[in-house]
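Undergrad: Straight from Swiss-Prot, here's the annotation block:
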- 1-29: region 'Disordered' (REGION)
- CYS80, CYS85, CYS91, SER320: [4Fe-4S] cluster 1 binding site (BINDING)
- 91-309: domain 'Radical SAM core' (DOMAIN)
- CYS106, CYS110, CYS113: [4Fe-4S] cluster 2 binding site (BINDING)
Amino acid sequence: MTDSAAGATEVATPATPSNKPYDATAKQKSLDKTARIPIKIVPAEKLKKPDWIRVRAATGNSRFYEIKDILRANNLVTVCEEASCPNIGECFGKGTATFMIMGDKCTRRCPFCDVGHGRPDPLDVNEPENLAKTIAELKLNYVVITSVDRDDLRDGGAQHYVDCISRTRALSPATRIEVLVPDFRGRLEKALDILQECPPDVMNHNLETVPRLYKQARPGADYAHSLKLLKDFKARNPNVPTKSGLMVGLGETDEEILEVMRDMREHDIDMLTIGQYLAPSGHHLPVLRYVHPDTFKMFEEKAYEMGFTHAAVGAMVRSSYHADQQAHEAGVV
């Protein structure tokens, strides 16, 4: 931990189980979500945010509200809103968004994430058409499509991704499409077979953290499986760039991050994002360190030395943040 990140001011409130009756169909967030996972969230001193952590408040310009109105009119969800992304004001203000398909209830309960958990609703058969119309209406040149985990579906939602990609290309043939997919655990080969029908322009799947912290941060996921997903997709689609992202601040070391980056390159991952983890609430995993800008710069330099075609590295970087610029600099658009 750097000296500038060591200013502890208060102790985070420990999570205690909610007294609300459990309803599997309701969307659980914050304490209602994290109190029921088999991972103990250990209270930690709340660190003072350093000067380099600056989040722009959501601005009320016309483009911001235009996007929100169009999304609601088409019954669409963005991960920007559901995950409480700190960059939502900037991105919506510039007319960009990351669309989240297959509902707003995830079958996983990752304690770093603010997306709600619950028994998902049936897939909306009109969503691919509504999504494609929205993208065309907004005249977007580059879009990111992501989703909740859908462990309840036999293909993990792969066919729904393909339907969204193909319909978007039909209405907006010049638009480049990046997908940020779940891990399709237990159905990987089936999902890859389906994605082969209509592959995206960029294939993204986040490793999120170092393998030592997977049990704590990504219950239900597997580090080796996530690497295999990207490597196997690349083997089938050698001309489609692959991408993955990491958070820092969960208790990892710099060397562990570098080791994950080496693993990424050994599994033919082309593009990289690294950003600072910011806890959505006191009921999520605590921030254990704020990484200094000099360290982010070191990660970026090492990334290019390792052969990544593009590395977006910095405190406020998120997987989809300025994804169009990342793709452009990597030669995709």
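Every residue number used here counts from 1 along the chain in the order it is shown.
Glycine is no exception: its Cβ is also placed from the backbone N, Cα and C atoms.
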Undergrad: Once CYS106, CYS110, CYS113 are set aside, which residues in the chain still have Cβ within 8 Å of the Cβ centroid of the [4Fe-4S] cluster 2 site?
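TA: Along the chain, the qualifying residues are ARG108, ARG109, PRO111, PHE112, ASP114, VAL115, HIS117, VAL148, ASP149.
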Undergrad: For CYS110 ([4Fe-4S] cluster 2 binding site), write down the residues of its own chain that are at least 6 apart in sequence and whose Cβ falls under 8 Å from its Cβ; none is a fine answer.
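TA: For CYS110 ([4Fe-4S] cluster 2 binding site), the qualifying residues are GLU208, ALA217, ARG218, PRO219, GLY220, ALA221.
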Undergrad: Where CYS106 ([4Fe-4S] cluster 2 binding site) and SER320 ([4Fe-4S] cluster 1 binding site) are concerned, what is their Cα separation in Å, rounded?
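TA: CYS106 ([4Fe-4S] cluster 2 binding site) and SER320 ([4Fe-4S] cluster 1 binding site) have their Cα atoms 19 Å apart.
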Undergrad: From the binding-site residues CYS80, CYS91, SER320, pick the residue whose C-alpha lies nearest to the C-alpha of CYS113 ([4Fe-4S] cluster 2 binding site).
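TA: When the Cα distances are compared, CYS80 comes out closest.
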Undergrad: Within 10 angstroms of the C-beta of CYS113 ([4Fe-4S] cluster 2 binding site), what count of other C-beta atoms is obtained when all protein chains are considered?
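TA: Total other Cβ atoms inside 10 Å, all chains included: 24.
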